[in-house]
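Report on one structure; see the data block that follows.
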Amino acid sequence: MADGNKEKQQQPISSFCLHVTECFQDGSPKLSRKSSSPDNLEHEKLGQRKPGGWKAMPYILGNDTFERLASFGLLANFMVYLTRMLHLDQVSASNIINVWSGFTNFAPLLGAFISDAYAGRFRTIAFASFSSLLGMATVTLTAWLPQLHPPACSAQQQTLDQCTGPTRAQLCALLLGLGFLSIGSGGIRPCSIPFGVDQFDPTTEEGQKGINSFFNWYYATFTVVLLISQTVVVYIQDKISWSVGFAIPTLLMACSIVLLLVGSRVYVHAKPQGSMFSSIAQVLVAAHKKRHIKLPEEAGMVDGKFYDPPIKGFFVPKLPLTNQLRFLSKAAVILDNDLKPDDGSPINNWRLCSVQQVEELKCVIKTIPVWASAIVSFTSMTQQGTFTVSQALKMDRHLGPHFEIPAGSLGVISLLTIGLWLPAYDRLLVPALRKFTKHEGGITVLQRCGIGIIFSVLSMLVAGLIERERRSFALLHPNEHVSFAWLVPQLVLMGLCEAFNIIALIEFFNREFPDHLRSVGNALLSCAFAGSSYLSSLVVNIVHHVTGRNKRPDWLTKDINAGRLDYFYFLLAGIGVLNFFYFVYCAQRYHYKTKNVYIIEEKPYANQVELASTDV
């Protein structure tokens, strides 16, 4: 696996994140604080009192932990709920999960925009928490009230497909609850980490330590939530009662709101600073308006000079003008009547943008091809919550004579794989690779992404082979079931795919995006999960309609013993192989972000600068 050019520095990430929509690292430089410094004055504008620090953490972490417990506790076993309680076929159930998951992963992008531009983080989290509570309460009622779900159905009736499905009103009640949950996730997830970071002063050593500890605690609670949701919550739903299994996360969500509001006097409330989406739009519009002008060649200027004023704001490193995506650079070319004569600022921000704005947009655009490859590779992971659960329901899941593992809990195998692999990779494999590659991270971040894509292909190949053998055994021995241990290889490979691909992408977006746009990079990663959910739903529907002809059951029919789920897995593996070659093509041509030191000489009024840069 080769990258376009060698990465200069790379720090391995030892902690992991399964749902990356929520993980990003703070990139603020360590600075000593002076009481009269401009940064300190700017800080006083953002928050009118001393940061809340660790006093605010129990409320912030508690709110986010309970929200994730509610959301993940619902998703982990939702396939079983839809097929057993609502008597949906697995194609319909899979479509509901994929569409809902996609909408939930797209929602944080809108939530981040509303928070940054208008509402602020606290208000966004508070509103979203009430929405999550309303959603959980609605879903709980669908399991508790007989009027909101179909009548009970025996195992024999399920086998013969004689169960009554949900009415339109019952299905609408469920979708309403899921919609409220998505709105809640869209507000809480993009704001919880920035809101926590707001409580610390990044200009002090104590504040930096607090931020680092906050990330550690955040990742720790995230891991605990995943384990609890896929074991304890799933067991209660599967073995005790669905209504109780949903009511517990609902009560916890109510507790999270109480925690959030109780701590309101402790928090630092940073004011909305505006969204970077308006900056992106301004660059695109300005570049379009100046599409007919010519760009300067090397040292000479043809139609004007570039507008490159000093950076205003918190710890934003200056980016150099690059030769990539040169058509966007036209947005920063100064023409007649572009600047105010008194202070040298743009007359119209939709006609003249700074070099910094242009380069920030370039950082976003050049990562899109790599981001697109992630959508395809993530489709294998989306199967853990749908068809892998369907396989598990047809297997013997007993540990001893009295205990049966819930089908939705088998995803813990992937979590354990990640937890065991990452320390071994970080402590053993990286130092060994470093001796051969002379690269600080052992291998580059894009090479790790490529290895993750290979594991995603292998997981689907192995899943197809295992399903073919399981189906053959079930047809020959109708009254016997193979052990759930047959699923371990594909789940381990899925875990390795996550350990390489997702974590590498987290690091990739955090390294390649400008420091203050890293939340946007993580939002893009969340959108990749959303895209994979919709892509999986599209493939499922196409396969369902195309393969079910001539009075033959389709590959994904309700009874997987009559269908050909193995063919579906092989199809995903084939798509994954094509995606791998596409990724190699993009990786070989990718140029990592250059880190520069600038010597800036300002000219009065015009805000035109001459730069001398040297690579670090």
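From the backbone N, Cα and C atoms, a Cβ is placed for every residue, glycine too.
Bear in mind that TrEMBL entries carry predicted annotations, made automatically and left uncurated.
The annotation region 'Disordered' is assigned in TrEMBL to 29-49.
The transmembrane segment annotation in TrEMBL covers 69-87 (among others).
The annotation transmembrane segment is assigned in TrEMBL to 99-118 (among others).
According to TrEMBL, the transmembrane segment annotation covers 125-145 (among others). Non-local neighbours of the transmembrane segment (125-145) in the same chain are 63, 67, 70-71, 74, 81, 85, 111, 119, 170, 173-174, 176-188, 191-192, 195, 241-243, 245-247, 249-250, 253-254, 256-257, 260-261; each lies 6+ residues outside the stretch with a CB under 8 Å from one of its CB atoms.
Sequence-distant neighbours of the transmembrane segment (217-236) (same chain, 6+ residues past either end, Cβ-Cβ under 8 Å): 15-18, 22-23, 57, 61, 64-65, 68-69, 72-73, 76-77, 192-193, 196, 244-245, 248-249, 406, 408-409, 411-412, 415, 419. Under the heading transmembrane segment, TrEMBL lists 217-236 (among others).
Marked as transmembrane segment by TrEMBL: 248-268 (among others).
As annotated by TrEMBL, transmembrane segment applies to 405-424 (among others). Listed as Cβ neighbours of the transmembrane segment (405-424) (distance under 8 Å, sequence separation of 6 or more from its ends, same chain) are residues 14-16, 18, 76-80, 223, 226-227, 230-231, 234-235, 237-239, 384-385, 388-389, 392-393, 397-399, 484, 487-488, 491-492, 494-496, 498-499, 503.
Long-range contacts of the transmembrane segment (445-466) within the same chain: residues 1-3, 7, 10, 370, 373-374, 377-381, 383, 388, 486-487, 489-490, 493-494, 496-505, 507-508, 511, 566-570, 572-573, 576-577, 579-580, 583-584, 587, 590, each at least 6 residues beyond the stretch ends and with a Cβ under 8 Å from a Cβ of the stretch. Feature annotation from TrEMBL assigns transmembrane segment to 445-466 (among others).
Annotation source TrEMBL lists transmembrane segment at 486-509 (among others).
Look at TrEMBL and you will find 521-547 (among others) tagged as transmembrane segment.
Within its own chain, the transmembrane segment (567-585) has Cβ neighbours under 8 Å at 1-2, 370, 373, 376-377, 379-380, 383, 387, 449-450, 453-454, 456-457, 460-461, 463-464, 467, 539-540, 543, 547, 555-556, counting only residues six or more beyond its boundaries. The transmembrane segment feature in TrEMBL is assigned to 567-585 (among others).
Through the fold, the transmembrane segment (69-87) approaches residues 19, 93-94, 96-97, 101, 104, 132, 136, 139, 143, 149-150, 153, 158, 163-166, 170-171, 174, 181, 184-185, 225-226, 228-230, 233-234, 237-238, 242, 245-246, 248-250, 252-253, 385-386, 389-390, 393, 406-409, 411 of its own chain, all at least 6 residues removed from its boundaries and within a Cβ separation under 8 Å. Within the same chain, residues 19-24, 91, 94-95, 97-99, 101-106, 108-109, 112, 189-190, 364, 367, 371, 374-379, 381-383, 386, 502, 505-506, 509-510, 512-513, 554-556, 564, 567-568, 571-572, 575 sit at least 6 positions outside the transmembrane segment (521-547) and bring their C-beta atoms closer than 8 Å to a C-beta of that stretch.
Through the fold, the transmembrane segment (248-268) approaches residues 46-47, 49, 51-52, 55-56, 58-60, 62-67, 69-70, 73-74, 122, 125-126, 129-130, 132-133, 136-137, 140, 195, 198-199, 233, 236 of its own chain, all at least 6 residues removed from its boundaries and within a Cβ separation under 8 Å.
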